[in-house]
Every structure is written in structure tokens, then in C-alpha cells.
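Participant: Shown below is the structure under consideration.
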Amino acid sequence: MIGKITRGSNVGNLIVYLYGPGRTSVHDNPHVVAGFRTPLELEPRIENGAPDLKPLISLLRQPLAALSVKSLDQPVWQCSLRAAPEDPWLSDEQWGEIAAETLRRVGIIRDADRSGCRWIAIRHADDHVHIVATLAREDGRTPRLWNDRLKVRDACLAAEESHGLRRTAPADRTANRRATRSEDEKAARQGRKEVPRQTLRRAVTTAAGGAAGPDEFFAMLADAGVLVRTRRSTRIRSEVTGYKVGLPGDVTKAGEQIWFSGGRLAPELSMPKLCQRWADPERSADPSARPRAIRSPEQREAVCRAASQAVMQAAHRFQWSSSPEVRSDIAAATTGVLHTVAHVTGNPRMSHIADVYARAGREPHGRVSPLGSYSRGLRTVSRVFAHALSRQSGEAYRRTVAWIQLFSCLAHLVERIAAHRAAQGRIAQAQAAQAAADALKQMADPTQQASRQAHPVLPGLLAVTFPAPPRASATSRNRPSPDTSPNSPGRSRAAGR
């Protein structure tokens, strides 16, 4: 089960939308399944063939109007909860219990609290509900919402356990941040193949893998056409304490450049964590120590063979090491190798593999393992590839034995990492690594037909998203998207059971 939170200021527009026909999919038989009163008391009456929503909207608005809540810009809290397509069917009562437990965990309601916030849960499909709450208590206070997204994630995990639903990953902050709907729409208008956030994440990860220090890192970003702004220490002006990046042409309506800090792109790309990565004394940031560009095919083949040896050595060390820190360090370094290989080959499929694997290379909550000698070979591969190999077409590389061998060695290493993540119980990370390993095996054998993968590239549940309420009623900070029209209507399905 997954949950998505949106915030807004107009509860009336939101209720009208949820009871309306829907935008890109049909809202089938919308009805209240739970709330601050019984569903029978809250369910709108049908007048002239349509639900009369005014009484319900008035009930939800009353605390806001009576208390003149001005401390919150967006006093309407909405959360969409969705089950996986293969999950067992849940009754209205079960969805109501899940909705109430979610609000209790978030802190919006409490048991036996008659002065709590007013809320309802609306169901208009078999597989999901929408929780709507107005953030004004009847005792004159407002609820404290702290880490509500993490608490909703915990509520989803609890619902999976109690109702036998498909298990999903905890909120460990290893997944890439998904683009918002506005980012997707803007990228489409500008003719971009992907949102700037993703382009920048890939460019910064590649530069971080090839650099040995901040100056080289920023120079590589500039060479890649990325705009960079740095923040320097107030005490030591030569020390860079932070940075942000942007793409030319990616501006606001007012014409201002849009920037992303490294930490917003990925947890391991913040300046302090990059400096930890560059702390290896064996890695010189001296420009004269950078690998020189290689032009001849023979030299490129030799570099690929050497890289394959380094990858296999890392796989051997990973398999036989009993240290979690060593394994974490190697898993993180593998991310850089995959991104630099994708960059120099120019192969879109390889870029996708690197993106999918990235989650498997991260530790929960942005932790960075100590830099060790066991990952040095992989980091050297990233650096050599970033500087010594000119970017060529993917087809030119895939036809050579050395590149096919490298893909095979990478698949071997990534498969070891997948087994390790599975043993840790980190299922989402294990799936990401296994999906990357399966794709690398196919890269190593171009004649192989696309085979059925044992693990999906992304869990199917995460590919299903929620409808977005109208902009006037809820301003979403997450990516809203259309819900999936069920094959059978909720009420008729319920009756059949």
C-alpha cells in the first residue's frame, strides 16, 4: 500500500472533485466509508439525481470558519491510500479502519477525542480511498503535523501486515525523488525527454564519480553544460560548503533560474557527503594526475579489460567480506561506475540501468559508509572512464568483446549486491539491484531476446499513482497523477461478495 499527501485551502472544491466524474478516469459510486461521524450521518443525500454536497462541505468548513485559522496557509489535508492491483479486496469497513488508523498515527485524531479535527474518507474505486481532514480542532487548537509523510508510510506498512497486503519498502529515503506533475508537464512543453531533476541527478552523479575534489567536480559540471552556484564558508572563504545546479532554459514564469541543491537530487550528492567520498588519500585532485584522453580503439579495449578485472576483484571482496561497512562502500561505488559507463557509451538503456540500481547503492536515511580500500578499484574505474574515454555511441561499444565482458562482470557484481540486500530484508533495494543485474546480462548478450524478469524494474504498485485534486483545492507537493479505472465497480463488487 502506498500513500500520498496533498495540502490545499478549499475543502469545498476538493469534495466536489472527489464526488465528481473524475478527470482522466471514472469516479465510480463515490461514498463515505468513515469520518468524524458515522458514514450514514455524513453521506450526502441525493437530490434531483445528484448528491447534495453543501451540508457535508459546511460541516468540514465550520471549525475553520469559527476559529479563523490563519496560522496555516493550507488547512486542508488530503491523503490518498492505494492498494496493489493483486491485493485482496477490502470492504468499506476495512478501508474505514485503515483511514482512521492513518490519521491516528499522523496525529490528526485521537481515540475518544470529541474535540478533534473533522475528517472523512471517500471511496470511489475498489483499490483506494481519499482521506480529507480540516486542520482545526474544536477546542481552538491545530494539530501538530510533524513528519506526516513518514507516519503515513508507517501506517501503510501496518495495514499491509494486518490485512495481508503486498509488502512495500519502508520510508528509508533511498528512492529517488519523483518528479511532480508540473515538472512533467513543463518538460513536455519544452520538448525535453526527461525532467531537469533527472538530467541533473545523472550529470552530478557522473561528475562526482570522475572527480577527486570540489574544483574538478565543478569544472566537470561546467563542461557538461550544467549551471553551478557555490556557497562558501563565512570563516574560510576558500572552502565550499554547498552548491546548487540548474539547466540552461529551466526557468520560472518570472524568468528566474530554477536551482536544485545536491542533497535534493540524491542524499549522497550533498557537499559534505561528496567531501567524504573524495577523502581518499590515494586519489589526487591535482589536474596533472588526471587520466589523459584515450583515442585509439586498442587503448579503449585495454581500459575496458582493466575495468572488468577491477569489477571482478570488487565482487570477490564483496562476496567474502563479513563487514557491512565494506559491502556498503562497494555498493555505493558501483553506482558511480554504472553512471560513468552509461555516460561514455551514450547508451540510454545503460542510463536506465544506472538509475534503477541507484537505490540499491544507498544506505537508509542518507548514511554514508566509511571510505575503504576495497572500493578503490571501482572508484578508479569511474575516474578513468570519466576522463580517458570520449563519449561514443552505444552501438560502437556493444559490438566489442571487451565491453560485453565488462557488462557481464558488472552483472555479476550487482547480482551479489542484490543477494546482500535481500539478506538484509531490504526488498526494494534487492529488487532494484536484481533488475539492474538482469538488464546487464541482456546487455552482455545483445542477441538474447527480452526475457521475463523475476523481479520488476520498479514494483508495479509504485507505477500506479493517484489523481490530483483541482489546483484551486489542493496544491500538491508530490506528483499527482490519474487513478486507474477499475474493471469492476466498487459497489457491485462488494455486493457480489
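Each Cβ is built from the backbone N, Cα and C atoms, and glycine gets one as well.
Pasting the feature list from TrEMBL:
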type	residues	note
COMPBIAS	180-196	compositional bias 'Basic and acidic residues'
COMPBIAS	473-490	compositional bias 'Polar residues'
DOMAIN	72-165	domain 'MobA/VirD2-like nuclease'
REGION	163-196	region 'Disordered'
REGION	279-299	region 'Disordered'
REGION	443-497	region 'Disordered'
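I'd like these features described in context: how deep, what's nearby, how far apart.
Facilitator: Using DSSP to sort the residues of the domain 'MobA/VirD2-like nuclease' (72-165) gives these counts of helix, strand and coil: 31 helix, 20 strand, 43 coil.
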Participant: Restricting to the domain 'MobA/VirD2-like nuclease' (72-165), what is the model's mean pLDDT?
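Facilitator: So the average pLDDT across the domain 'MobA/VirD2-like nuclease' (72-165) works out to 90.
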Participant: Which residue counts does DSSP yield for the compositional bias 'Basic and acidic residues' (180-196) in the helix, strand and coil classes, in that order?
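Facilitator: Tallying H, G and I as helix, E and B as strand, the rest coil: 10 helix, 0 strand, 7 coil.
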